[in-house]
Amino acid sequence: MTDSQDKVNGGSKNTFLSRVFGVHSSAVENSLDAAEMSHITMPTEQDFSNYAEDEGNVRLIESDQEPSSSNEDSNDEEPLIQQPQSIRFDTASDGMATIQSESEPDEGGTEEDEVHLEEEDFSDQDLASSVSKYGQPSSSEDEEPLSNRDSNRGSDETIPFIGRQRLNLGGKNPITGATKSTKNPSESRVFERLLGNSPAKMFRNNGRPNNLEESFLFRKPSVAEQSGPGKSTHFNLKPPPIFNNISTLTSTSKNSLSSLSPKERALWKWANIENLDTFLQQVYEYYLGNGFYCIITEKVIHLATILFVVFISTYMGHCIDYSRLSSSHTFEEIHIEQCYKTQISPTAKVFLWIFYAFIGLKVLQLYFDVKALKDIRNFYNYLLSISDKDLQTIPWQSVIQQLVLLKDQNAITANATEVKAKNRLSAHDVANRIMRKENFVIALYDNNILDLSLPVPLLRTCALTKTLEWNINLCILGFAFNEKGYLKQAFLRESQREYLGEELKKRFVLAGFLNIILSPFLVTYFVLLNFFRYFNEYKTSPGSIGSRQYTPIAEWKFREYNELYHIFQKRMRLSMIIADNYVNQFPNTLLSLTLSFIQFVSGSFVAILGILTIFDPDNFLNFEITPDRTVLFYMTVFGTLWAVCHSSINDEYTVLKPEETLEELVSYTHYAPKEWKGKYHTEDIKNEFCRLYNLRITLLLRELVSIIITPFILWFSLPKNSERIIDFFRECTVYEEGLGYVCKYAMFEATKIDKGTKAKKQTKRMFSQAEQDDSETESDEGVNKMLQSYMYFVDDYKNAGNAVGKNQLPASPIEPSYHPYSSTKDYSWKTQFALGKNSNRKRNLNRSRVKRFPDRSSDLELGSLSGSLINKSTLFKDDIADNADELKAGNGVMGLLNQYYKKSDRNR
């Protein structure tokens, strides 16, 4: 084992494991040299035999199935969902990033034609200039002699540099999916129209150093870890250690974990992951929660908040004698002794005991959460070399880098069986696993699948609220995904469409009845919670009643595919400054006049009552103007009303430049419908934006009303969309090797948008020509959203200015911009979400510019498989043997109540 480590660390041998996991070099301290960790690669034709199919011709998730036998490897049936080509994002030395693609070579191709499939041997000196390897062989038998590869490299050097195929994120053009040889002028014109006739500006580094291009996504250490002026904060993270006893630990039984040290236990957990999605979600939630003690404190405070609201409301409602309040002078005079026995009714006692049982279950759940959090803490501390105190400032990119390094460094200790486990670990794959469900939700709202209106004249357009959103996620996602977090196979079968639609309708109706039963308690809790939370804020600063925030539907519209929550949340918070500036530029004279009159009247009453109080301050304050309403009460009411009106009147002079301000705002929200083009200065666009960026007090009232009307939406509106929702999952699902079934838009491959599943083509035949045109328009919108998400995803992980903590902003100075629409305010955080340094340069990414792309079904190309340290024998098997049992699981009353309990403290 020591010899093998020396060979790998020395970087002098290109062994089998180095071909699978990348060459390790001591000069870069075993940095990210594994191609499978940094981009989506392509397999050889031998990998086609690894596809698994069930009896219904539906492919199993590779990470969830048993090792296939030699007989099963010969199965060459076509899968349900075909594999399209992947994206390649190249970066040249001049700072210009290009998009390239590769076609699968023909069997009769020459060696020169297939040179791009060969692996390149490289070192640290020529890493930046050499062509990276495209794929990883699946076994040592595929290893090619070094002499042959030298000849291949020589033939490659004869090709002009500008014509070479260069490696980056994927392999296929995300716009057309075409190879370089099939590119034609019409496709170039489509690409130019998409990027506003200036594609170079979309991908240019705008003067950044050339070494900035070599991020950890592209096989070199992240720039965030390089010191120097103008670069991000330097984090002295130690590379994950190499463990020599991993083979012994992997054979340790689960019952013997108590005898292991925390470090060995963390390594055993890592090597025996049963569900990679759940594990990565726990790692990310631990990062969001800022460590062990912060997460535990947050959970305890959440339980304490619920207890306080219930206790104080029960006590104030049953243990205080309000009839003696005016004539009493001490608390003992109004307090009712033994109020629990004498004042609380038996029905109320039953509900209190149910509440106490709920709290007891939450405390028990907290106990198990503590045990799970300890394992994640050990994983961070011992395997990733990241302490809890660093989580508040360390960027997520560094966590990803440590994850990749952990797998890369300890791969030398894994045996041949373990490295065949098809679990890729890169920034794109990690984001897809963490957001497997969220990506479907983004597409669900972006494609306007749900009908939230009611057949009532005044409630035909019902806005999405947190309560309704929570119920929708519970009904749809809880039904579409199994307990392991994977999409149920029945959703991919056209024959199950009617059955699934009926089951989903029943689920909506059942959820509506549960909301009716719980609505009295939810309304009471919601009113009390928000009263305690916002009363003091509105009392001390009445002007905050006019504050705004984004609506729930706006958040889903603005969020990009594979955009993690902390990145999205920071983007939304930073955009609020510009959003307020945009809204305040539109004066409302009618409202100002009305508020001025109300301010005058309320101020007059306060002045009159105040003057009268001077003559008899002891008695006049308790003088009742109306029954049980004293002077002090009315002075408080009129004073608050005056303060609210005064703060709502905007009498400041502002610079009227709505076009420039909204352009700047769009650079953060990433949302600009084609209907807005050329109308940024109009009142209609401002009102439409205000529906997305509404008053907070309005949203609170909507949430209160939503608790009452949500059951009716679940009964009458959403059941009509059941079959459409089933079609959505079937059409928006693709199979990705090593990941399983994911949302097609999250893979950043335009070929998957057009192809989808076989069921999508069968469904299209049932619609008229006009409906097909509408479908094509929606597909174009989906392609635009996908392309936009791809660009910002690359920028989030490749731009050094974005490698900051969750609550930090880049400290690098802003270079002056000469864009005619640049803002007059020099925000120090503009580079946080900019493509390159020039943050004020607006991206002319209009989502209406992409036209329908030609179908290229013959250009399909598969991504390569990569090895893993994870034991394949411990990966669970997807239990799809009985489709009926899988669909019926959790659909009854108790199953839905169980999901209500599990998700009761999320998004509510």
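Here the Cβ of each residue, glycine as well, is placed from N, Cα and C on the backbone.
These figures come from a predicted structure and were not determined experimentally.
Swiss-Prot has this to say about the protein:
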COMPBIAS  146-156  compositional bias 'Basic and acidic residues'
REGION    37-188  region 'Disordered'
TOPO_DOM  1-299  topological domain 'Cytoplasmic'
TOPO_DOM  371-507  topological domain 'Cytoplasmic'
TOPO_DOM  529-594  topological domain 'Cytoplasmic'
TOPO_DOM  651-696  topological domain 'Cytoplasmic'
TOPO_DOM  718-908  topological domain 'Cytoplasmic'
TRANSMEM  300-320  transmembrane segment
TRANSMEM  350-370  transmembrane segment
TRANSMEM  595-615  transmembrane segment
TRANSMEM  630-650  transmembrane segment
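Broken down by DSSP into helix, strand and coil, the topological domain 'Cytoplasmic' (651-696) contains 26 helix, 3 strand, 17 coil. Summed and averaged per residue, pLDDT over the topological domain 'Cytoplasmic' (651-696) gives 88. Across the range of the topological domain 'Cytoplasmic' (371-507), the DSSP-based residue counts are 93 helix, 2 strand, 42 coil. Here the topological domain 'Cytoplasmic' (529-594) is broken down by DSSP into helix, strand and coil counts: 50 helix, 3 strand, 13 coil.
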